[in-house]
């Protein structure tokens, strides 16, 4: 199971989020983040290349969590079973106690177009990596890309619900509901064309 | 029916693509683009705010083409029927004679990370606008977002196939095949979980 990084990195990340949210992302320096938890700027830069990476250092973890689900799935799994397995595995990175952190992070990203672009890039890397992994398991095109993009879409919609005000359901519970909704939506046959 | 802009804008765009492809995007100036078709830099800037916009001035047209399909669809259309209608309408912007242009444009974008980001932004705006339009037609969440994202995914996969080497099928033919593939993919029921 993939886990968020504990220790100094985690403390710096929590401190950075608080400062970004209260003082603004642009206005916050790496030195201020470090000082707020009694560390030096030098220590900050041993953990993160810049303040933006505090928000995105979990990217590899997230991709790894999706991939771990694919690797653990049985060999005969269909593309959508693989998608479901990847989503269930990724949900482990979003336990209920992480919800406040994720809400705060999202509120910071929504206030800054450059961070939104970085987030889009993260999601496009996730979709591309999942596509590669599905092709690596013998899923042909375009099924592999469609499944990878669908996994990313379901994750995105589920994440938005999960951090919604008053939401109580777990990430995995939401993901299962959204994935079922996608199935129902696409399974409805279109009317015959004239 | 939505159409690409003819006349001076179209000439500048074709000239820009040729120069970007042969000399590199970074190395090409607005003045060079204008001069290559016997126009002044001043004329260039009456049509485009900068050279990047030469590659993206079709964005509103594309969004409009998707929306035109939604508007024309019958009131009782299901979300996926609306997706299909939007895709069919968008395909009108990509007739066979446009394929060479689209290939050239894609080759330029693939060589420049900033242009790739601009393209991702374009697709995210498309998905968000389609989601708004679907909600405007009374489609609830998360169906509206799932349908909008699926439309964008099918479009992206279809476009990649359409500009592929040796591809002969029309855009609308490819879109129908890819949409059917998405339906088949998601319709397959997963095995019951233990």
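The backbone N, Cα and C atoms fix where each Cβ goes, glycine too.
The following features are taken from TrEMBL:
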- B:29-48: DNA-binding region (DNA_BIND)
- B:6-66: domain 'HTH tetR-type' (DOMAIN)
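The DSSP breakdown of the DNA-binding region (B:29-48) into helical (H, G, I), extended (E, B) and coil residues amounts to 14 helix, 0 strand, 6 coil.
As a whole-number mean, the pLDDT of the DNA-binding region (B:29-48) in this prediction is 94.
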